Amino acid sequence: MSSDTSQAVITTPPPPSMPHKERYFDRINESDPEYLRERNMSPDLRQDFNMMEQRKRVTQILQSPAFREDLECLIQEQMKKGHDPTGLLALQQIADYIMANSFTGFSSPPLSLGMVTPINDLPGADTSSYVKGEKLTRCKLASLYRLADLFGWAHLANTYISVRVSKEQDHIIIIPRGLSFSEATASALVKVNIIGEVVDQGSTNLKIDHSGFSPHAAIYSTRPDVKCVIHIHTLATAAVSSMKCGILPISQESLILGDVAYYDYQGSLDEEEERIELQKVLGPSCKVLVLRNHGVVALGETLEEAFHYIFNVQMACEIQVQAVAGAGGVDNLLILDLQKYKAFTHGVAMTGGGGVNMGSHQKWKVGEIEFEGLMRTLDNLGYRTGYAYRHPLVREKPRHKSDVEIPATVTAFSFEDDSVPLSPLKYMAQRQQREKTRWLNSPNTYMKVNVPEESRNGETSPRTKITWMKAEDPSKVSSGTPIKIEDPNQFVPLNTNPTEVLEKRNKIREQNRYDLKTAGPQSQLLAGIVVDKPPSTMRFEDDDQGPPAPPNPFSHLMEGELEEYTKTIERKQQGLDDAEQESLSDDAASVSQIQSQTQSPQSVPERLEENHELFSKSFTSVDVPVIVNGKDEMHDVEDELAQRVSRLTTSTTIENIEITIKSPDRTEEVLSPDGSPSKSPSKKKKKFRTPSFLKKNKKKEKVEA
């Protein structure tokens, strides 16, 4: 192949059927002044404008009075429900209020199309005319309308649910005509009296259906114990109401209903004779009323009990319709013995929650636990029912020993600063330290066991080796509290400001970086205890009041004198003992003179003066000057003399001679005619070894001579 053919590039044109993709510039007009202003705007300024728009929407939501009142209601409900340390339920309800969308994982209602109207809309309505407990009752009734819509019980005509809110005044709440069950809210309900006169119109302008309200009013006037009435006529209930046999005892649901009353309903209960007949049919305890060829009515002392009966009636009617159609007639069905099963089944259902009250401390009313579960489902779907739960779904976790009040296990491992990036090499280098820390903080307790070693032959060796084994009873081995630390903030108190925690941590780390001497942490147990310490011995500090320190004897020596003194010490160490012997002989002669002086006490002062002159000459012969330390020079010289002659060793034959020198004052005291000494004896015998620098050197005496 040629070079021209090898360099040729083959391009494929796009298919003609490809649709034209709309671009960004096709949707805008470049001559638009708004577009030109945004285009010429700096990116930072454009971002600031976008943030301002977002904050504006958030500010509008936060400043709305409806949001504020609803938030207060949520907080009050959360406080009544129990202690929830995290507060996730309240935050979830706030998110439901802002977004008003269905939660992920739950199917949206068919009529809501992903958006639902909140049931509890009372914070924005006027509630001054409400009686005690009416807010909660309105929320329950509106929630029950929503449940009837979700279950498919809604009907466009004569299907209503009513609740009596005031037994003294006979005020009844019902939904107005023209408002569907899916639109029912707490504020949209209408409050009327027993004869149908409007007491509170609610948030709508719709009126009630008097023909549909007449059965409710008749039942309330007949049965003072009834608080809620639910009237439905679904396909199953209407079909069973048209059967001569009525509700057959062929299922558990039919046995739960108890006594069932039947009444020939003609469309209204306005006449007095009809109401008297209804009162005879219902009796004092009947909770289910079948209206012939019309539908079913369920009664209850509470709203939860009425829902319990209407739900079981609907299920029993559906089972009966399916059973009759499948069996080919009532004669082919197995009818249960009412005398044998009805009392037991009805009694279990009346205990509340299907018998969950047996052996439990919490007593549930009839149908309350099931209704609370349905309200929780509606709240999860975003309906915001406003229902006051008796018990939250999530049980509070038991307090573990690794909570805040128990301190952490002390280790020497410290975490790196969050602001400083950690290199991979340093991270790998600290791997061993992290493994050690994890082992130290392990909740397992180990004990040291000596295990005999095994030799290569398989025989047991007399030597032992140390092995760490897990202790079965930690209380006998460990005295601490081993805690497995999984989170660095495990012991940080809850509901604290993270900024304050970081500032406190950084402050502690700054103190650790500097070598500060402090008294350490103060014990909380020993803080109030006072310890009586014995008085310590007095010590003089370096101040003006203390006694002066002795001066340095070498401070006045010249360099030459110090060198000669050093050489003298070196000669002595080398074994030059002849000079020492001569100096000792001279010292012995002086000692003999002193002994003669002590034998004649009358001439002691004169002899002392002569000895003083002799000693001064002998001191000058030595190159080391004498430093006088004391008040009186005479007394110091005598002290030096006593120190010199106290311990002299002339030879092996000459013994140590102890000489006591008395001062002139002491001599006068002894020789005083009165015999009473003027001063107390303060000086005692002193025994010192003659310093080496005071000994005479024979060679130096010859040089001086």
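The backbone N, Cα and C atoms fix where each Cβ goes, glycine too.
Residues or ranges marked as compositional bias 'Polar residues' in Swiss-Prot: 1-10. Annotated compositional bias 'Low complexity' per Swiss-Prot: 590-605, in sequence order. Residues or ranges marked as compositional bias 'Basic residues' in Swiss-Prot: 681-705. What Swiss-Prot records for K484 is SUMO2 cross-link, and it gives similarity to another entry as the kind of evidence. Annotation comment: Swiss-Prot describes S2 as N-acetylserine, evidence class similarity to another entry. Marked as phosphoserine by Swiss-Prot: S64, S414, S423, S442, S461, S583, S585, S590, S672, S680, S682 (among others).
Around S461 (phosphoserine), the C-beta neighbours below 8 angstroms that are at least 6 residues distant in the chain are P452, E453, E454, S455.
In this view, S64 (phosphoserine) is surrounded by 12 other Cβ atoms within 10 Å of its Cβ, with every protein chain counted. A coil conformation is recorded for S64 (phosphoserine) in the three-state DSSP classification, outside any helix or strand.
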